[in-house]
Amino acid sequence: MERLASFSNDPFDKPPCRGCSSYLTEPYVKCAECGPPPFLLCLQCFTRGFEYKKHQSDHTYEIMTSDFPVLDPNWTAQEEMALLEAVMDCGFGNWQDVANQMCTKSKEECEKHYMKHFINNPLFASTLLNLKQAEEAQHNETAIPFHPADDPPRPTFDSLLSRDMAGYMPARADFVEEFDNYAEWDLRDIDFVEDDSDILHALKIAVVDIYHSRLKERQRRKKIIRDHGLINLRKFQILERRYPKEVQDLYETMRRFARILGPVEHDKFIESHACARTYDHLKKTRDEERLKRTMLSEVLQYIQDSSACQQWLSRQADIDSGLSPTVPVASNSGRRSAPPLNLTGLPGTEKLNEKEKELCQMVRLVPGAYLEYKAALVNECNKQGGLRLAQARALIKIDVNKTRKIYDFLIREGYITKA
């Protein structure tokens, strides 16, 4: 299976062979099952059956080459890429220079092929149009549309608005003063002559490199101003005021990081914090629902006994009204014990054996709570090598008599041991 190589003709632009670390030359082999990153082998390592980590010699593979026609039977894919690179390097219309760089085609052939397949080709024209439409659609789908300052105000020179705009001149699309405005002064006396020593020549080259870095920094700052629409300061401030006060404060704090993100990404970051109130409201609602489910599980313990249910409802009413819940006082003749808990339909009943079901019925404990207490006691016993009753009561905060019955049952059945 042949496939267009995804690298240029220069072997140093390709990753090395994973077998011998040599630079790859076409054709070479790409494993179709490994990656990313792509697992590439030269033909010599491939014929030897080189294997490394997860890569096996019997994996399916692709032959990476550009020695096949794409648009014209007389032009290989490698020559197509070389033509595009030559036009990019030499400029459109300099066909003699393009032909000299390609070495395999004449000036007329280069011009005719480029005009036919890359300029007057309706397929490429429609493709570029589709790409432009797709890019516009992608920007339209963003959460916060961004509109740069295409038509900035034109204040008079040295006015307050002109100073706010850092001396920007709309007619020239540039600033009165550049960043590091006197960087060119370091170059005014530099002159490269043939009798310069190697050290002096290297020093002059270093000064030029420093100047180039200053030019790049100017362009970087202008790009930030242009991308974020910072030229029209008043319009930018109006956009900021659409946020609540606390988000405006955050916007001011995070302003210095806007140069790292793009304008849309930075606004999305701020918008995400503006949604924090919604998150807090949803979190509060979720906690209230969880509390209701906890109260429901407590109700299930009493639902089978009307007397106990009435006592529980009375206690909850006292709590809701702000009163201390009333505790029934046992008479001198003794208090009638509550009937066993009916486990029918309660969650977790199917996980209990017969003895555990009997315990839950007598202790009047729902199966889900029992299983939770059992797991906590067993885990603590395994950690400590044994468990005392006082430790069990500290772990599960329920009635001490119920805790004693659960503790004795687990020891009797061999789930835990005494410390």
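Glycine is no exception: its Cβ is also placed from the backbone N, Cα and C atoms.
Since we're looking at a predicted model, the values are computed, not measured.
Pulled from TrEMBL:
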- 12-69: domain 'ZZ-type' (DOMAIN)
- 70-122: domain 'SANT' (DOMAIN)
- 74-118: domain 'Myb-like' (DOMAIN)
- 332-419: domain 'SWIRM' (DOMAIN)
- 328-348: region 'Disordered' (REGION)
Confidence summary (mean pLDDT) of the domain 'ZZ-type' (12-69):
82
Helix, strand and coil residues within the domain 'SWIRM' (332-419) as assigned by DSSP:
51 helix, 2 strand, 35 coil
Just to be sure I understand, if DSSP states are collapsed into helix, strand and coil, how many residues of the domain 'ZZ-type' (12-69) fall in each?
7 helix, 13 strand, 38 coil
Helix, strand and coil totals (DSSP H, G, I; E, B; other) for the domain 'SANT' (70-122):
36 helix, 1 strand, 16 coil
